[in-house]
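Quick look at what TrEMBL lists:
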SIGNAL    1-20  signal peptide
DOMAIN    27-125  domain 'Ig-like'
DOMAIN    132-234  domain 'Ig-like'
DOMAIN    240-324  domain 'Ig-like'
DOMAIN    339-435  domain 'Ig-like'
DOMAIN    441-541  domain 'Ig-like'
DOMAIN    548-636  domain 'Ig-like'
DOMAIN    648-748  domain 'Fibronectin type-III'
DOMAIN    747-876  domain 'MAM'
Amino acid sequence: MGVVFGLLWLFTGLLQGVHGQGVYAPPTVRIVHSGQACNVEEERYSERVYTIKEGETLELQCLVTGHPRPQIRWTKTAGGASDRESSLHNETLRIENINRHQGGRYYCKAENGLGSPAIRSIRVDVYYLDDPVITIHQSVGEAKEQFYFERTVFLRCVANSNPPVHYTWRRGREVLSQGSDSGVEIYEPFFTQGETKILKLKNLRPQDYADYTCFSSVRNVCGIEDKSAHFTLSNRTAPPSIKLLLDDPLVVNPGETITLVCVASGGEPHPSLKWMRPDGQQLPKRSVVKGGTLTIPAVAIDDGGVYSCVGSNNVGNPAKKTTTILVRGLRKGRFWITPDPYHNDDNIQIGREVKISCQVEATPPEELQFSWLKNGRPLRSSERMVITHTDTDVSPGTTNLDIIDLKFTDFGTYTCVASLRNGGTPEISIDVNISSTTVPPELTIPRGRSHLITQEGDTVDLQCLVSGKPKPIILWSRVEESGVAAAAAATALMPDGSIQTESYDGILRISNVTREMSGTYRCQTSQYNGFNVKPREALIQLVVQFPPAVEPVHTEIRQALGRAFSLTCRLLRAHPARLLRYEWKLGTRLLTVGQFSDQRDDTNYHVRALNREGYGEYTCDITNEAGAGRCTFLVTGKAYPPEFYYDTYSALWQNRPRVYGFKLQWTQMEPNAVDRILAYRLGIRQMGQSRWWEQEIPMEGTIQKGELLTYNLTELIKPESYLVRLTPITRYGEGDSTERIITYSAPVNPHLSFYMYIETSRPRLEGDTARLLSPTFNSKSSPVSNNPTYCFAFYYHMYGKHIGALNIFLRQKGQAVTDTLVWSLTGNQGDRWCQAKVNIHPTTAFQMVIEGVRGSGIEGDIAIDDVTIEEGECKDPPPNNLRSLAPPSSPHIWQHCITLILALIGQQR
């Protein structure tokens, strides 16, 4: 009978002293959960769904492997993958008191610069159940005013939930179901299935006037309890009706306290009342609401607008009444002068017509009234002085004074007075002078000010001189550029972010000017507070000079002594871009100077052989009229920081009750960039204490990129955590340090997940064997040592009264294949995992063979796990490296986890 089983065995080895990539590996990601999940399901396409109750704590952990240590980022999307809501750089994502809106897909992304980033996701489904709400309608289409003539009533029960809610109706203590009462129908509208349950009472009967209860349930998923709502239906049940006890519109003066009163005039149950403003506007912050009464103290102009009172009692549609508050006020008083429109002349002339217009915004507009004065005396409309007003429905309100056949006696000051009929706000007076000096405006630019050159960061004044009387408001704007940059300049805004800026003195002041503010600016006259004629305009060109922008602004270069290297400073942009000079320095020592040619946009400095005096800060200054841009290069011989290796297998061990040990492993970042690393300074500090223990670890030979270095820390006190700091040392001095925290964790059985075992149940017979074969290894013999030593280690579990034997063979492949028994154990060893180690001395290519032999009965399963093979003799316990070094003298022979070949050998009995 053959022994057949199809399991995989993982053979793990660690590599030290590897060349090339070494232990560098792209990231892998796995999401594990803790916290208060209701359920975690694996769906199709490997999607994981994490279900949690609203209000609980979500905790997801992103477990990563890869070297260097990957950077972790959590993101959440809702709907589309581009709809990113949150981002967190941490291994653990923790959300306390989670709400329904925080459900969605969460992604963990890990990247370390090798290969593609690793991404895993999990969908978080937040379960909840809101209190149900019962609403009463006479017909389903009541909102469209479609009513049944018969007395049919619909009770609608609605509750928001996830997952979909299940409803149950009761009348009194009687459970209502479809068909249980001919006068009752229960159904769900197609467009709201799972959200609404409707109870239809056809042609109301006396027994239908009762207490109704709607129970909503999600069937206790996540421990969410059922909820209910109650409603008493009687012959008095009626939808709400309300009325407002106030004038509409309500016109008030600024600063007054106003009270809006809304009362319920009908409805059973008694309606609740609520005040609101349209489009989601908030009520004034100082307002006070008490029932249906809204009080607004010290009302301001901004408080004006529409206010609505809504009454609801869940019967029919809510009742709504609206009123408008008008706060009296006058704003934006302006005037303009229009010369005789029948002649093509912008000047005021004797014997011709001239019109003076005055405009004011008023609330309420129908209360606006105008009066005119001449030289302080009231002016009435006449044949030569015609006063007209626009319709009160037009806002803003405008009044015109037409002076027909202008005479010298008409010269003087005309005053337009705007007021509100019922007072409540100060009047506005606008003076307009008509005389021989009243002339239309002209715009000029001061000499030498039409083309301004300034430097970035300065304050500059753009000035337009305006002549004429009266002087109008000046409008400043930017001019759209023509050519390639037109599309970008078309949307150019003024420095304050507006499209147009007003100025009363003709000056536009720009503080802290930037290069983006370069361009053409237009100043032009406004018709307001001046002549209503074709606008006058002028243009000013503003040129903002700025120092050269260069790259790199600051960079660090690490170099070993004796090496050659070059530094490059690149010009990105500058204005002006001519007559550019460069100057290279080391510290304060001048190295070289020169001038840019039109064809070059960079400058280089070459070092043929770096000496100790060549370390330091190199600067390259590129200058123009506006200043200098600087590239800075810090040339140093400091070694890069070590990279701690976090994927060490079984890094923590303990062989005494009160202490534990830790296998500290790392690689050196870019070891060949600087001089050879001579040693590492190891510092260790117990967390919560301030004292550091330090020791220097000498290194022999050259460390290769990707070489995994190991140092065993012992005598660590349980259960304390330690901060470990590692600093490389070269002949230049100390390099950059790296720190990590070592945390003690209580030992757990590492063999609870996957392992290999032989199955001894029937039809297996006594003496049947099963073998596992490793890959073939090439023995590393040398002239110095013809018989290298390897340590073969594994864990075994042999528990049961029928345990047979576990044998380890060394299979060598010379001229003939030979199997040599190197380790064997028989019989019951107890219900525990034990480790075995054996030294082997192959002389040629070899394999390891693990053989399990069935015992006399079915209680004889034998298991193995965590099989490793390392170069060198077996060591147990690990050395105390607080006084000795642990860099490997020879490399391990296996780098990665590899699936072993499973050899099945059957013996016929």
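Backbone N, Cα and C define each Cβ position, glycine as well.
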Among 240-324, 339-435, 648-748, point out the range having the most Cβ pairs under 8 angstroms from the domain 'Ig-like' (548-636).
648-748
Would you kindly check 132-234, 240-324, 339-435 and say which stretch has the most C-beta pairs under 8 angstroms to the domain 'Ig-like' (441-541)?
339-435
Restricting to the domain 'Ig-like' (441-541), report the mean pLDDT as a whole number.
87
Treating G and I as helix alongside H, and B as strand alongside E, what does DSSP give for the domain 'Ig-like' (441-541) in helix, strand and coil?
7 helix, 44 strand, 50 coil
